[in-house]
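Novice: Let me begin by handing over the structure; questions about it come next.
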Amino acid sequence: MSSSKSIDLKSKFLKVYDTLKSDLINDPAFEFDDDSRQWIQKMLDYNVPGGKLNRGLSVVDSYQLLKGGELSDDEIFLSSALGWCIEWLQAYFLVLDDIMDESHTRRGQPCWFRLPKVGMIAANDGILLRNHVPRILKKHFRGKPYYVDLVDLFNEVEFQTASGQMIDLITTLVGEKDLSKYSLSIHRRIVQYKTAYYSFYLPVACALLMFGEDLDKHVEVKNVLVEMGTYFQVQDDYLDCFGAPEVIGKIGTDIEDFKCSWLVVKALELANEEQKKTLHENYGKKDPASVAKVKEVYHTLNLQAVFEDYEATSYKKLITSIENHPSKAVQAVLKSFLGKIYKRQK
């Protein structure tokens, strides 16, 4: 897609956000007053449109590649609305995630719950964000033949994501800091459920449903996208430690938070006894000296090179899987996704 076309689609996409926001603050199911309307407006503007919007825009891109031609205004609106549903879902997860992780910044600004007038009201805001998704689906898709499948899809992916978050939280239980619990297979399970389904499978599944496809016939597409999601999360883990905070928009805290990160799992695999001891003694501690010791082990083990090797291998494997797919349109969708994340810096 030419860059001017994608800029045009992005501006249309952003306009749809305003329409959906207006629908929600005028929802007939609730009697809004000025205060509640202003709160919702501020909360939405702060949390929903601030990211890269990759997930949301991917629905529009994917639908366009499946259709193979220009989209009507109605198709642009509907695919954008589905894209925004994913961005809403993402906002709901992040608002609550930041509270659970006691994070400080998100997308280059303070986390929503860190704002003086917000605090724990953010927990209810997260619930509201989650409840906005079915409101949007009902208003704009209720008459569509794929409506029930859409509702099912969002419910299932939300369940998978929340369950992935649970494995992440109980594996990283503070007070039970036991690095020996961490392995590549646990890392993979967390990633698959917590990130891959909603970030990678969901946008393409939305486009496929809108295009009239049966998701049961696209299991292979799901598998490739889950693999892509795993690769994406490994990049994220890498950038948390090695990325520049001003570029990635947040200060990485995976080491302090005792996260089951790809880096620590790889380090444990490659480390000698002394390095393992250093990791066991310092991983998950908040003080800068401990964090520095963990990073020193990462540098000594040359995890940057190990990651680059992983990135190259993953890319090759993904391209091979994609090119095995019988449909050129589906191949284009998957390649477009991979192109967006390969060698990303943020």
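Just so you know, glycine gets a Cβ as well, placed from its N, Cα and C.
Fair warning: this is a prediction, and the values are worked out from it, not measured in the lab.
Just lifted these from Swiss-Prot, have a look:
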BINDING   Lys52, Arg55, Gln90, Arg107  isopentenyl diphosphate binding site
BINDING   Asp97, Asp101  Mg(2+) 1 binding site
BINDING   Asp97, Asp101  Mg(2+) 2 binding site
BINDING   Arg106, Lys194, Thr195, Gln233, Lys250, Lys259  dimethylallyl diphosphate binding site
MOTIF     97-101  motif 'DDXXD motif'
MOTIF     236-240  motif 'DDXXD motif'
Novice: Which residues, given as numbers and ranges, are at least 6 beyond the ends of the motif 'DDXXD motif' (97-101) yet have a Cβ under 8 Å from it?
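Specialist: Contacts of the motif 'DDXXD motif' (97-101) (Cβ under 8 Å, skipping residues fewer than 6 from its ends): 111-113, 120, 122-123, 126, 165, 169, 253, 257.
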Novice: Can you tell me which of the binding-site residues Asp97, Asp101, Arg106, Gln233 is spatially closest to Arg55 (isopentenyl diphosphate binding site)? Compare CA atoms only.
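Specialist: The answer is Gln233.
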Novice: For isopentenyl diphosphate, what surrounds Lys52, Arg55, Gln90, Arg107 with a Cβ no more than 8 Å from their Cβ centroid?
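Specialist: Near the isopentenyl diphosphate site, beyond Lys52, Arg55, Gln90, Arg107, sit Gly50, Gly51, Leu53, Asn54, Gly56, Glu87.
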Novice: Could you tell me how many residues in the motif 'DDXXD motif' (97-101) are helical, how many are strand and how many are coil under DSSP?
Specialist: 5 helix, 0 strand, 0 coil
Novice: Please list residues from the chain of Gln90 (isopentenyl diphosphate binding site) whose Cβ is under 8 angstroms from its Cβ, counting only those at least six apart in sequence.
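Specialist: Sequence-distant Cβ neighbours: Gly51, Arg55, Tyr198, Ser199.
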Novice: Just going by other Cβ atoms within 10 Å, which of the binding-site residues Arg106, Arg107, Lys194 has the emptiest spot?
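Specialist: Arg107, out of the binding-site residues Arg106, Arg107, Lys194, has the fewest neighbouring Cβ atoms within 10 Å.
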Novice: Look at each of the binding-site residues, Lys52, Arg55, Lys250, and point out the one with the fewest other Cβ atoms around it within 10 Å.
Specialist: Lys52
Novice: Should any of the binding-site residues Asp97, Asp101, Lys194, Gln233, Lys259 have a Cα within 10 Å of the Cα of Arg107 (isopentenyl diphosphate binding site), which are they?
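Specialist: None, since no candidate lies within 10 Å.
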Novice: Using Lys52 (isopentenyl diphosphate binding site) as the reference point, find which of the binding-site residues Asp97, Asp101, Lys194, Thr195, Lys250 has the shortest Cα-to-Cα distance to it.
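Specialist: Considering only the listed binding-site residues, the nearest one is Lys250.
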Novice: According to DSSP, does Lys194 (dimethylallyl diphosphate binding site) fall in a helix, a strand, or coil?
Specialist: helix
Novice: Measure from the CA atom of Asp97 (Mg(2+) 1 binding site) to the CA atom of Gln233 (dimethylallyl diphosphate binding site) and give the result in Å, rounded to a whole number.
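Specialist: Asp97 (Mg(2+) 1 binding site) has its Cα 16 Å from the Cα of Gln233 (dimethylallyl diphosphate binding site).
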Novice: Please report the distance from the Cα of Arg106 (dimethylallyl diphosphate binding site) to the Cα of Asp97 (Mg(2+) 1 binding site), rounded to the nearest angstrom.
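Specialist: So the Cα of Asp97 (Mg(2+) 1 binding site) lies 11 Å away from that of Arg106 (dimethylallyl diphosphate binding site).
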